[in-house]
């Protein structure tokens, strides 16, 4: 309207008021136009802000919200805190541990806060000395092949490249790792040493948690000694105040409009209805299942070949990458919790952080129904940690149930033994605990606060984008086993995937949220470089992609190097996956040699490691004489370790080296990315 009025004025002025120049008129029109668009944009922003996803905000603005979000020092000072606990977490465990430490700080007159290093200016560590009796604790996981977690990458690089003076910084480090991996707790160890090099003071020795054994036990033992060191260092005493105070408060959201309630989205409300590129950990792509077929020919086990349709998503992957799949818990288990606690699972609620200064307002997307939280956001199938046992004590009406929980929550040898046997060995999840301790009836909102977040599951991609640019393939074994209590435990992701069978009719095809995680597991840059691939069982997955890529290059007329594959399974007639494909690659020359080990097809077990030992000359010819690459994919606990030992032995014997020389040779191969492992425990 304003614009049309401007045009009319221009016409009138030109014909009736020649005293005003054309330049004046043009400037006037521009001013009016700019004012119009400014007003329109502001109005649009105002209306769109009214349509933002529903979130519950504190009733009053805290001083912290008026300071820079990245300055944790300002946050500490403005709220009278002296303890900050940083976490480097890929699966949520390190974040959980950080929260437990910060919570316990109150018992030692240290008000704490949890911080994500990715959201902080870590150069502010130099200012910790300005806060009296301050302490920085780092709960840091090592991920992949000795890499920092995604959210700790910038901090790690800052430590590597910077030269800050950290004198006056008091710190302690707890690492989360897995001893089955070569680079056990490498990042935590580096951070602990580097902080000391920069002048910081170590208040307590580093703790190293082993997820292959009992990382909860490692953490609790370290934490108890940590507080002893803290008390000694600062000359303080434990107040004795109980630390199990609620971190979140329940908010009734029954009046919230349906369109403002989360229904399983990871971050953005309605993100599955309105998909937006780029797709990542917080914004997964809702992919259609294009193919889901059984790979095993017989037997009582199942292995699925699944293809995710990514056509039109703009997603790109490289051979060797991983795909993350967001699962959901079975409705049977979710309903069971509602039944055991006599709760209305369809009630809409929110959990709001009682610490108004915290940047984390909710433990998961809120508001939502209890059913949604238990289905999409909370892990109800893993073994609960000891702090959950402690929090459940107050809800036990039977003294026997109460004593059992107290024992398992304690750090006594008897308590650790009971927790190990009753929870870990018998593989009980929260549903089993509520079933076996019938007097324990926690408030459902408190249980939702206590349970860890349900994590996505990662799978090696078993296809090449050169051959399949519009789809991602995975190879997944169905997880299904009976525990010592005669309960059937099922893998969350694989059992969901097993149900997602595409149809040939016009019905909507099944979908699941996914995103691509980059990997360092890569083919050599030159297609002529010879390679050896060792992948028993589903360890074959990434090598299927490798072979497809080399086969594509061969068909293009490019020279390709030797490709030797070691594959093993139980029985040739049962679980020899992709048999026809592999035989075809052998026939056309893409796959130079295929070494097969069927462990149960003869009286004596036969594994790929036996074949490796038998083919020492071939191994050395490729990795020694021809500087080829060697790849291992599969079980880290035994297979990958055995392969490593065999490779060292072959290098010693065929390369005529001492043990230390052979170890250095293999180490150099790893550094040059000529020896790569994609393993799991």
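Note: Cβ is positioned from N, Cα and C throughout, glycine not excepted.
What TrEMBL says about a protein is an automatic prediction, not a curated fact.
Of all ranges given (20-39, 40-59), TrEMBL attaches the label transmembrane segment to 20-39.
Across the fold, the C-alpha of residue 144 (FMN binding site) and the C-alpha of residue 301 (NADP(+) binding site) stand 29 Å from each other. Break the domain 'Flavodoxin-like' (83-227) down by DSSP state and the numbers are 65 helix, 35 strand, 45 coil. Rounded to a whole number, the distance between the Cα atoms of residue 680 (FAD binding site) and residue 178 (FMN binding site) is 10 Å. Taking CA atoms as the reference points, residue 493 (FAD binding site) and residue 301 (NADP(+) binding site) are 16 Å apart.
When the alpha carbons of residue 92 (FMN binding site) and residue 491 (FAD binding site) are compared, the span between them is 19 angstrom. Taking all protein chains in view, 12 other C-beta atoms sit within 10 angstroms of the C-beta of residue 301 (NADP(+) binding site).
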